[in-house]
Amino acid sequence: MLRVEEGGGDGKDSAKKVETAVHVAGEETQVEVKTRSKRVAALDAFRGLTIVLMILVDDAGGAYERIDHSPWNGCTLADFVMPFFLFIVGVAVALALKRIPKVSEAIKKVVIRTLKLLFWGLLLQGGYSHAPDDLSYGVDMKHIRWCGILQRIALVYFVVALIEILTTKLRPTIIGSGPFAIFSAYYWQWIGGLIAFVLYMVLIFTLYVPDWSFVLHNPGDVNDGKRFTVQCGVRGHLGPACNAVGYVDRQVWGINHLYSQPVWIRSKDCTDSSSSMGPLRKDAPSWCLAPFEPEGLLSSISAILSGVIGVHYGHVLIHFKVHSERLKQWLLMGFGLLICGIILHFTNAIPINKQLYSFSYVCFTAGAAGIVFSAFYILIDLWSLRMPFLFLEWIGMNSMLVFVMAAEGIFPAFVNGWYYETPKKSLVHWIHEHVFVNVWHSERLGTLLYVIFAEIVFWAVVAGILHRLGIYWKL
């Protein structure tokens, strides 16, 4: 997604200016930094960690469903992936747009990159690609899914990048010494975040959600083609059936264009096997079978806050040259956000909820992102423990390639296309079954080990080789 190279610094001002390449989705922007020319490796490692988490929870979440997305309220390992992406997008934007020679050219590049992200998002998650197990392709435009991971990243990137560009003449060259000086210096970025926050909160708590209905489209299901009605008629509801997030998406995109397999089907209301997948309860409400868009419009407006917080971390990296000053700024904000999210959740004021992208979820995950990023910075850039995290750096440097080929299943789909007699007799299935499942005599453990070694380790090696060759997938 966003690739960044930035000067690091060891707390001492250098008399020599060095140029550092900053990559946003592979696009290079030259900036000058008065520091040593040491790359901040924590940026790539953090991005690589996010990709690794996505592969792990997507491909092993079926075997270990407790690491899969929370059925509704709460936060699991999978629920950190999206906000971590948006956090590092924000950091990259701050670094890439530190110097803007020509505003019109910068806006043009941002628009083009946004359109590229939207295109890849529709291609990979709109229903056209059925990878990796289904070798067919194509999508009925009556049921295309307009939203997705890359589409949300595109929206957040576009908004935070545009604010950075349009406020370039208002930026300070020197930050004051006050504790809130870095915040006041970039007040327009926080005003943008505040607008997104207010818009989201007003709509989610005041928008009236009427009764609604849907037709189940699931060939082979006994209820296929049957129409169900969900009774609402409420405001400010934060449950699965009658929230404003789902209502906005049904009105804007149309119910047939939403994600058809929402995670709430694993909730206690829908199955006795919660939080694992299981048969529907006999008294399960009708909305258990309804579509819901986890990357929808209203929740994506809230997601802008994750990007704004990432931009702030990038500004700290730019303006504070001493390690201790950077870490103080990052950790104070990280722990503050984390505590705020926990308090909001456990007081039942605003539950942590990824599907709604609730404010407590923003705080909790952004705080966690800031703390993890700071930990990487200490371990890799401060203590020089780079070797154990080198595989994450390699993946982070080629994050778009690994995302498309591994996380979205394009490479295994290509391999599965060369099968013997039936598609189930392919090299991918053979390795999974005979090298991992049969050896360990466990479907769950075998699947987990397959994901770790045949996917994560494999793509780390590929990314490392490509890094040595200087080959990167650029958007």
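Cβ coordinates come from backbone N, Cα and C, glycine included.
Residues or ranges marked as domain 'Heparan-alpha-glucosaminide N-acetyltransferase catalytic' in TrEMBL: 39-182.
Beyond its flanks by at least six residues, the transmembrane segment (77-98) meets 1-4, 6, 22-24, 27, 29, 31, 43, 46-47, 49-50, 53-54, 56-58, 61, 67-70, 106, 149, 152-153, 156-157, 160-161, 164-165, 168, 295, 303, 306-315, 317-318, 354, 361-362, 365-366, 368-370, 372-373 of its own chain at Cβ-Cβ distances under 8 Å. Taken from TrEMBL, the feature transmembrane segment applies to 77-98 (among others).
Per TrEMBL, transmembrane segment is recorded for 110-129 (among others).
Under 8 Å from some Cβ of the transmembrane segment (149-166) lie the Cβ atoms of residues 1-2, 24, 82, 85-86, 89-90, 93-94, 97, 100, 103, 106-107, 110-111, 113-115, 117-118, 120-122, 124-125, 188-189, 192, 196, 295, 300, 303-304, 306-308, 310-311, all in the same chain and six or more residues away from its ends. Taken from TrEMBL, the feature transmembrane segment covers 149-166 (among others).
Beyond the ends of the transmembrane segment (187-209), by six or more residues, the same chain brings 159-160, 163-164, 167, 170, 232-238, 242-248, 298, 301-302, 304-305, 308-309, 311-312, 315, 356-357, 359 to within a C-beta distance below 8 angstroms of the stretch. The transmembrane segment annotation in TrEMBL covers 187-209 (among others).
The transmembrane segment annotation in TrEMBL covers 297-318 (among others).
Cβ atoms under 8 Å from those of the transmembrane segment (330-350) belong to residues 73, 238, 309, 312-313, 316, 358-371, 373-374, 377 of the same chain, restricted to positions at least 6 beyond its ends. The transmembrane segment annotation in TrEMBL covers 330-350 (among others).
Same-chain residues lying 6 or more positions outside the transmembrane segment (356-380) and placing a CB less than 8 Å from one of its CB atoms are 40-42, 45-46, 49, 75, 79-80, 83-84, 87-88, 91, 197, 200-201, 204, 238, 243, 245, 299-300, 302-303, 305-306, 309-310, 313, 323, 326-327, 330-331, 333-342, 344-345, 349-350, 386, 389. As annotated by TrEMBL, transmembrane segment applies to 356-380 (among others).
Proximity of distant same-chain residues to the transmembrane segment (401-420), defined by a Cβ-Cβ separation under 8 Å and at least 6 residues beyond the stretch ends, is recorded for 1, 51, 54-55, 58, 120, 124-125, 129-133, 135, 395, 426-429, 455-456, 459, 462-463, 466, 472-473. If you look up TrEMBL, you'll see 401-420 (among others) marked as transmembrane segment.
According to TrEMBL, the transmembrane segment annotation covers 447-466 (among others).
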Query - Surrounding residues of the transmembrane segment (110-129) on its own chain - C-beta under 8 Å, 6+ positions past either end - result: 1, 24-25, 27, 137-140, 143-146, 148-151, 153-155, 157-158, 161-162, 165, 404, 408-410, 413, 475
Report task. Find the average pLDDT over the domain 'Heparan-alpha-glucosaminide N-acetyltransferase catalytic' (39-182) in the predicted model and report it. Result -> 92
